[in-house]
């Protein structure tokens, strides 16, 4: 992991490549991809002489893993190659949490390298089209109905998702190029979702929501007239509003937890892993007892029973896997260069692109509620940020943690109050402090004028409040999940903080699975597609 | 047409907008779009009281025209709005054929404004999806089989074309941003065509070519064994090679005829008009006698006979129209700002985007040969350029016409030979001169050393060759269609040259129609789908 920084005065050309891994992976990837193709293109008499290993149950999924490996290798190789060109075109940033880094002189780190990653991913996803959708595979590698016998309609969903992803990438790049204002940025993921939503509509999309039986019982207790079992209601237009807000949510919630090397990419990586894991649970390859043990995951009989609905659910999750597995590959490849100390920054392009990927599979796969569960840390961050976003507490332009050059550690960044904050701010901060969500620094009232500015960096410790003198709030840690982690665990190294956030993301994915398959099956009583 | 140049020192903010036209067009566009929707969303009792005008035969096509008007208005309004931001980001060029324009100080004209045009076009094309493809239109506005009853499969073709267009736009923008080298540029349209080709393949694409009866006769005359009537042969993989080369051809052939204000956009505009006109001929709305008179255009009975094949041909050309009509709109809107004196340059983005649009409709609509016919001026330009492209004659970096600042007119730019050119160059140029394709300037052999450099600008007239003294070739006009027009018609104003190229393009479209429906119907004997 030793970085090769400082190749030149101004650029950092990325860490050394994992050469051995790359050169062993390429043949593995190509074998995974070529294996399902061989029976189609190699004459039968040759195959009789040199028999192939038996075809997997999911040949397209095997090829997909091959493409994911190529995505990883491609990202690792291409990011340092294009970095110089990005810096030359002004797509560059300075690393605010490094010693000797400066807004005017750098060292410059190429920004917006989500672009080559997204381009690579999209190209590979285009080349993958024949595997699940080609007529040539129908009948030859099909092991029974409901497995990989994709109807043409699925190709439409696939193409629509690609179109939305491509739009998100392009808009993200335009945003990175022209620095679109925050207000104008918000609807961008919505525009990118247009293909998905329009095709969802044109195909006569599903706008029903299943209400849990327990809600019916609750309503009947309250005297509103309940119902027995689950009930579906048609949300109609409102459902489209919900679907339209989903990409805005997934995109911006990744984008907002940023500023520390590797943190955006780590989030996307773990969410993609979680979605893929969830998808895998729906494939009819697990022993029934395991699924029952795990709380009836994925309706254990789905995929085995050859009913229409069961096949549908398997297909949707297979489709989601096709998008998530290469996304894991490309994200891991980019993380190689974005990890502390970063030699490439993701830019908004990366956040738009990954956010749209999550939204697209959730919409097309009909598992948007499960997807939202995987964003628990981001939702926590958003709720924690609300007092600052909505003006209850002052919001400085940057809220990323503060770098203490003498210790080399990060401490929470602070919002500093030059005069006593208004009552609403005071009460908000004190409530947050009570729950341990912020760290407040107080000064005795008579000391007010002098020392406020100097402690802006947040290195000063809070004054002991037991001194009886009347005090006032002078500073509070900024309300983000990254600062919260620093408040809870104390000052940390940048890399440790990124790891901590990754750990939180993993833990909340575990919690999400618990909610989805534990609480969810109690609430919905088994009918959860 | 009076330009509002010089708003600021460095930028030209575009010519005044056609305000009256814009504000009258918006309601017309919205009416065209809303009309087919009204019977679906307005309750029947209101419609009974306020009857609508009768629905058109092609409601989606009517909405498409509305979208084309919006594309025109959008391009006219958005191009000047974003110009400043493009210049600020270094996406700018100087106008080489203007007095007082300079490579170092400008005045700068924003480059690469194909990007907002392409983005606008793509957004409108996405919003158009429900009109031809939505389930809600099936049955309500359908006037018989083979009209607008699109099967789901057509949606796949539509989405694929959008995906290819989006890819072309993104790659074009990346090219404009990072100045990709000429050699690396060539495969870009091929990458953009990947979605189209892969889906064409995955759907079990057609790889047959119809050979004309006359070729069979010719072969039998030559003793190779001919055949009666037309014959189809399966080109297989070679057909994909042909399809893959088509976008490379359409894209680069527009890109190569460039350098004069408005010339790229004019080409694209006229080609789009020609394709749309050709598509219209296939709709079963024309009186039969007219089609027979025009040489059995579009198989006069197609679309009336309710056979599968006839409906297919109508659908394909309807699909092509859906892409071409808004393309005409957006191209016309951009031409408003790109026309002499240009206040916006198209950039490679524009050429990639329009070139890919032509290739996509030709591939999906199975009329690639007809499409190639609409590129006759570009083919002529390519063939004329060959001696310079392949090194027979020296090729300077820029071959655009020379601007004579004293007359304000353009003259052919010249390649100048400091020493006598080698024999192969001499003989090539003399052959071209014989056909009037180049203008050669000769000097007596003993004058060789002195005055060559000074006449590089091409203002000097060729010496009379009747003076008996031995002469040698000192300069020749560059081998492009623009220089050729200047050789034939003499020095011209920049605007006149663009008009002249437009006229050539129109004339060769007329010739193309003659070949397609005159010669073509003789050769193929009526079976031309």
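Positions of Cβ are set from backbone N, Cα and C atoms, glycine also.
Note: TrEMBL annotation is automatic and uncurated.
Annotated transmembrane segment per TrEMBL: B:20-41 (among others), in sequence order. Below 8 angstroms of C-beta separation, residues 47, 52-53, 55-56, 59-60, 62-63, 65-67, 69-70, 72-73, 76-77, 131, 136-137, 140-141 of the same chain, each at least six residues beyond the ends of the transmembrane segment (B:20-41), sit close to that stretch.
Per TrEMBL, the feature transmembrane segment maps to B:61-87 (among others).
Taken from TrEMBL, the feature transmembrane segment covers B:108-129 (among others).
The annotation transmembrane segment is assigned in TrEMBL to B:155-174 (among others). Within the same chain, residues 112, 114-115, 118-119, 121-122, 125-126, 129, 132-133, 180, 188-189, 191-196, 199-200, 203, 247, 251, 319, 322-323, 347-353, 355-357, 359-361, 364 sit at least 6 positions outside the transmembrane segment (B:155-174) and bring their C-beta atoms closer than 8 Å to a C-beta of that stretch.
Here TrEMBL flags B:186-202 (among others) as transmembrane segment. Residues 156-157, 160-161, 163-165, 167-168, 171-172, 175, 180, 240, 243-248, 250-252, 352, 355-356, 359-360, 363-364 of the same chain lie 6 or more positions beyond the ends of the transmembrane segment (B:186-202) yet place their CB under 8 Å from a CB of it.
The transmembrane segment feature in TrEMBL is assigned to B:239-260 (among others).
Long-range neighbours of the transmembrane segment (B:266-286) within the same chain, counting only residues 6 or more positions beyond its ends whose Cβ lies under 8 Å from a Cβ of the stretch, are 57-58, 146, 254, 257, 294, 297-298, 302-304, 313-314, 317-318, 320-321, 324-325, 327-328, 331-332, 335, 350-351, 354, 357-358, 361, 365, 367, 370-371, 374-375, 377-378, 498, 501-502, 505-506, 509, 512-513, 516. What TrEMBL lists as transmembrane segment is B:266-286 (among others).
According to TrEMBL, the feature transmembrane segment maps to B:321-340 (among others).
TrEMBL lists B:352-376 (among others) with the feature transmembrane segment.
TrEMBL lists B:446-469 with the feature region 'Disordered'.
Among the features that TrEMBL reports, compositional bias 'Basic and acidic residues' is placed at B:446-462.
According to TrEMBL, the feature transmembrane segment maps to B:473-493 (among others).
Here TrEMBL flags B:499-519 (among others) as transmembrane segment.
At the 8 Å Cβ threshold, with sequence separation of at least 6, the transmembrane segment (B:321-340) comes into contact with the transmembrane segment (B:352-376) through 3 or more pairs. If you look at the transmembrane segment (B:239-260), the same-chain residues 6 or more away from its ends with a CB under 8 A from one of its CBs are 96-97, 164, 168, 186-190, 192-193, 196-197, 200-201, 207-209, 267-268, 271, 348, 351-352, 354-356, 358-360, 362-363, 368, 371-372, 375, 377-379, 381-382, 385, 398-401, 410, 480-482, 494, 497-498, 501. If you count C-beta pairs under 8 angstroms between the transmembrane segment (B:352-376) and each of B:61-87, B:108-129, B:499-519, the highest count goes to B:499-519.
The stretches the transmembrane segment (B:108-129) and the transmembrane segment (B:499-519) are not in mutual contact, being linked by fewer than three Cβ pairs under 8 Å (pairs 6 or more apart in sequence).
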